[in-house]
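Questions regarding the structure given below will be posed in turn.
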Amino acid sequence: MQIPGLNTLGISLARLDFAPYGLVPPHTHPRATEILTVIEGTLHVGFVTSNTQNRLIFKVLNAGDVFVFPVGLIHFQFNPDMHKDAVAISGLSSQNPGLNIIADQVFGSDPKIDRGLLAKAFQVDKGVIDYLQKQF
């Protein structure tokens, strides 16, 4: 919507500006593969392969480095520098890639997912779930 010339072409593009210690939390794009190019600074990036392996594929990227996040997999980007910004360009293989931020969906759903169910799923005390749900 912000780059009308891309509409209907099946791609999208975004500039990502990371403050010092900035994070794009674990999320997915259910309809797109993402390719990320670091323009300035350093980013720690990774994705988790699908069940049953759940293997973390992780890399430290510097200016000029490129990384691909496969469609639908949980991934993240983090600027580890406490003093310098980082900038990246992200290309996605869909004009409507979707964005599912994992913690927002699990702990911020409306209505709330039953805390007993979440406590069992994450193997934590219900008080931990109460705390997390209050954050969203």
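Each Cβ is built from the backbone N, Cα and C atoms, and glycine gets one as well.
TrEMBL feature annotations, pasted as is:
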- H27, H29, E34, H75: Mn(2+) binding site (BINDING)
- H29, E34: oxalate binding site (BINDING)
- 2-130: domain 'Cupin type-1' (DOMAIN)
Report the residues of the chain - excluding H27, H29, E34, H75 - with C-beta within 8 Å of the mean position of the site's C-beta atoms, for the recorded Mn(2+) site, in sequence order.
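So the additional residues around the site are T28, A32, F47, F69, L73, I74, P97, L99.
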For the binding-site residues H27, H75, which one has its C-beta crowded by the most other C-beta atoms within 10 angstroms?
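Ranked by Cβ atoms within 10 Å, first place goes to H75.
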Which residues of the same chain, at least 6 positions away in sequence, have a Cβ lying under 8 Å from the Cβ of E34 (Mn(2+) binding site)?
V68, F69, H75, S90, G91, L92, S93, P97
Counting each residue once, how many in the domain 'Cupin type-1' (2-130) are helix, strand and coil under DSSP?
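Helix, strand, coil within the domain 'Cupin type-1' (2-130): 22 helix, 51 strand, 56 coil.
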Using a 10 Å cut-off, grab the number of neighbouring Cβ atoms around the Cβ of H29 (Mn(2+) binding site), all chains included.
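The answer is 23.
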